[in-house]
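Quick notes on the structure that follows.
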Amino acid sequence: MISAYPGTAVRAAEQPLLDAGAGPELMQKAAYGLYRAAAGLLLRRRGRIYGSKTVVLAGAGNNGGDALYAASRLLARGSSSTAVLTAEDVHSAALAAFRGRGGKVLTLTEENTGTVLALCRSSDLVLDGILGTGGKGGLRAPAAGLAVLEPARLRRGQAPAVVACDLPSGISADTGAAPGAFLRADLTVTFGAPKTGLMAGPGAEAAGQIECVDIGLSTHLEAPGIQRLEAADIAGLLTVPAPGDHKYSRGVLGIAAGSAAYPGAAVLATGAALATGVGMVRFLGPEPVRRLINLQHPEAVCAESAVAQTHVQAWVAGPGAGQDEDQRQRAVDAMASGLPAVIDADAISAVVSSLGPQVILTPHAGELTALLTNLGKSTDRAAVEADPLSHVRRAADLTGATVLLKGWATLVAAPGGPVYSQAEATPWLATAGSGDTLSGILGALLATDSAGPGGPGHYARLAAAAASIHGRAGALSALEGPVEASRLPAAIRRVLAGFLQS
Ligand SMILES: NC(=O)C1=CN([C@@H]2O[C@H](COP(=O)(O)OP(=O)(O)OC[C@H]3O[C@@H](n4cnc5c(N)ncnc54)[C@H](OP(=O)(O)O)[C@@H]3O)[C@@H](O)[C@H]2O)[C@@H](O)CC1
Ligand SMILES: Nc1ncnc2c1ncn2[C@@H]1O[C@H](COP(=O)(O)OP(=O)(O)O)[C@@H](O)[C@H]1O
Ligand SMILES: [K+]
């Protein structure tokens, strides 16, 4: 499990160490970690550090100091380096060390921004030390003019590797929101602990890969703001059938999905649930959808009954339900049943407040916007996308349900906390029907959950595990070309086989 902390909490944890005079030592530890990561990247990209070209973007604070000290170490290994100062005063000792190793220095102005961008683009590595946890708002001029710099991962052809020092400059270390211009990185080397701003919203997209350098803060940190499940955590959440099990004891999942208008969503949710592994799927829906389900999945047991007459351990309701009134009623009944229930897509419009954490809402940003607006907290999609962490927390607190907000980094908030973030996905998953398969995966995890409620955040953990399995399946599928939702179940089976063998 990876634990992330708001920038403000990390600064508070640093304070006793700073008061004890350990500031310079902490900075040297941070700079050494940054240098090691940057040197590793240079070695992977060009085989050696000697002869490489680096640019350090250095702002007024300690973030600039870290980056300048790291670049000094690269200078000592034969890299040529230019420091571009984005503020009048930068960390004087670090700048002196950089100059002492033969680094060149220039000051950024609006007039020379074009030249500096060209210098960055022709270099091997750019170290972003403009702003760290002390940043307020987006990048200001003239540094804002550097926000157009694209890191290598977003550009085919020649581009520098961009390494962010502690966090991408211009991103809120607490929320991941981008109040204005910000820089994107290939790799973020963060100090003390990952910041929550690296795991949500624009911050998660801007960070690229995340590497954490231990500078000895862990004993000073309290409750994390965001957690991220790793492979071992997910493997521990999966229920494997025991020798004495039968199909009913393994867990039966009820799926109320699809409509005459959108039958395919029901097939995708059912296929993903079966691939994740359940004792049985009981499918409820109109006759043409049932026929299609049975053609694709003969093992699904189909009926047109109501939720109250259907004995299951968990529900999925909503994918492809469209305006079908019977499916809408089934979603309402599933939410009221007290059983774990995934409420997706069109069924999210039937959500009221006073739900329990066993109800898991799975909106994308547009659906979350509509949900919050229906609950009297009017917002718009741009605001949700700019700061998804605050919005997903608000939705969980308002409804009492667990809320999974889909995106590049999928966030899951339990009412009152905790929050999980999973970012194993690929943008190739942004394809119609892919969300329906996520519902099926999560439904299967809920139906087969042998651990039961198990304390606050239990359902959020299962939802985070489902998002991770979905993301990994998407990434695996994308290795063979563009992702088709109907091919995800095969990839889900491979991902799960990997977890179960480990
Ligand atoms: N403390 C420790 O123990 C350790 C800390 N470490 C490192 O220190 C970093 C935090 O350092 P920091 O506190 O100096 O803040 P930092 O983000 O570098 O810059 C603040 C300066 O920027 C300015 N500024 C603010 N917003 C701005 C904007 N939008 N656009 C332009 N300027 C803006 C602001 O000026 P002001 O806004 O107040 O006028 C102020 O001058 C942390 O991320 C980590 O890298 C490591 O070495 C490990 C040990
Ligand atoms: N840019 C992206 N990068 C990674 N995953 C994404 C991206 N955009 C969307 N996804 C994922 O794709 C899925 C899309 O779900 P959704 O919009 O509900 O699709 P549908 O309703 O068509 O099934 C979600 O799991 C989401 O997290
Ligand atoms: K930075």
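Including glycine, each Cβ sits where the backbone N, Cα and C put it.
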Q) Can you pick which of D89, D128, D186 TrEMBL lists for the same K(+) site as N63, S169? A) D128
**Q.** Same AMP site per TrEMBL - residue from G376, G433, G435, G440 joining K406, G407, W408, A409, T410
**A.** G435
Q: Filter the binding-site residues N63, G65, D128, D166, S169, H364 down to those whose C-alpha lies within 10 angstroms of the C-alpha of K406 (AMP binding site); answer none if the list is empty.
A: H364
Q. Which chain neighbours of the K(+) site, leaving out N63, D128, S169, have a Cβ atom within 8 Å of the mean position of the site's Cβ atoms?
A. L57, G59, G64, A67, G129, I130, L131, G132, G135, A164, C165, D166, L167, P168, L183
Q | Most distant Cα pair in Å, residues K406, G407, W408, A409, T410, G435 binding AMP | A | 14
**Q.** Distant-in-sequence Cβ neighbours of T133 ((6S)-NADPHX binding site), under 8 Å, six or more positions away
**A.** G7, T8, V10, R11, N63, D166, L167, A173, K195
(Q) Under 8 Å between C-beta atoms and at least six apart in sequence, can you list the same-chain neighbours of S169 (K(+) binding site), or say none if there are none? (A) L57, G59, N63, D128, G129, I130, L131, G132, G135, L139, A143, F182, L183
Q.
Cβ within 8 angstroms of the Cβ centroid of K406, G407, W408, A409, T410, G435: which residues besides those meet this for the AMP site?
A. H364, L405, L411, A425, A467
Q: Would you mind giving the whole-number mean pLDDT across the domain 'YjeF N-terminal' (10-223)?
A: 96
